[in-house]
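Residues or ranges marked as transmembrane segment in TrEMBL: 27-51, 57-75, 146-164, 199-221, 242-264, 276-296. Annotation comment: TrEMBL describes 43-294 as domain 'G-protein coupled receptors family 1 profile'.
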Amino acid sequence: MQRYQGGNISHSEFFLIGFSGLKEHRWLLFFPFFLMFALSVVANSILIFVIKTQRSLHSPMCVLIGATSVVNLFLTMSFMPRMLLSFLFNWDGISLTGCLTQMFFINFTGSFQSSILLLMAIDRYVAICIPLHYSDYINTPNCFKFVIASLLRSAIFFVVVAFLDGSLSYCNSNIIDHCFCEHMALVGLACGSTLINNIFGLLIIFLITVFDWVCVFISYVKIFISVFFKASGKSSRKAIHTCTTHIIVLFLNYIYVMVALLSYRIGNSLSPNIRVLISIMYLLFPSCFHPIIYGFKTKDIREQILKAFKSVRNNQVSV
């Protein structure tokens, strides 16, 4: 493989050179990112294990929290191992097929996470606004249908994205100034018209991201109207408390999205290293800290985690 090839050839091999400005010191990035990766894997694995093994945590909301941790694991596994090896051994090369595959799994898991957050908002809306019909709406068959529909939505959209991006000719350059494959970064290397790719990318933003967030916003508007105008003082405080953790996660997700979008809008004003860092943290930061937020703020989960740690410690002492 050779870098900076040009001409009439359509490249099938690319180089991910994120943080290239650090030059010979780039390998030092392995350590902080490895620690964050390890934190993500350990925190999400603990949360999944506790929710799976404790029958008292098999409520719909706790199961959705566990599903979020599964998605977080898949998301970090889709790009972190390769990125860490790139830092350590300068394994920067990736085929077009590998790039499209990585991009598909990153986008697929990220969009499915948005669907889970939407289902959490629907769960809180039904539980607070129409509690007598909770079991009619929030049950295994309905949740299963929602999950299948969300998976199909994400799969269909991002298979089309991979097909459209794979059909382009990449004759400008084979250098991607990033640490993982990203739609905009890859399409920016194409030498033909990318109008269809850009339009379809915007369509996905509206039909997945914007649609989900609008539904979440409407759900919480109705929740707060119901709580503050219909519920008593004590019941309203209890209802708000059950939503606190989800609201914190939603607020943090909103900040991640806005910062990532702004980094693209003012990309020319930011150094390449800062822009790449923002994109990585947009994916990695939620995977690291969402399980900690859920574990700390959700009382039932927190109690079961502490109980599990005490049990392990007592077993070690007895041995």
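Cβ coordinates come from backbone N, Cα and C, glycine included.
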Restricting to CB pairs under 8 Å, which listed stretch, 27-51, 199-221, 242-264, 276-296, is in contact most with the transmembrane segment (146-164)?
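Top-ranked stretch among 27-51, 199-221, 242-264, 276-296: 199-221.
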Six or more residues out from either end of the transmembrane segment (27-51), which same-chain residues have a Cβ under 8 Å from its Cβ atoms?
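For the transmembrane segment (27-51), the list is 19, 57-58, 62-63, 65-66, 69-70, 72-73, 76, 80, 83-84, 87-88, 90, 280, 284, 287-288, 291-292, 294-295, 301, 304-305, 308.
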For the domain 'G-protein coupled receptors family 1 profile' (43-294), what's the model's average pLDDT?
88
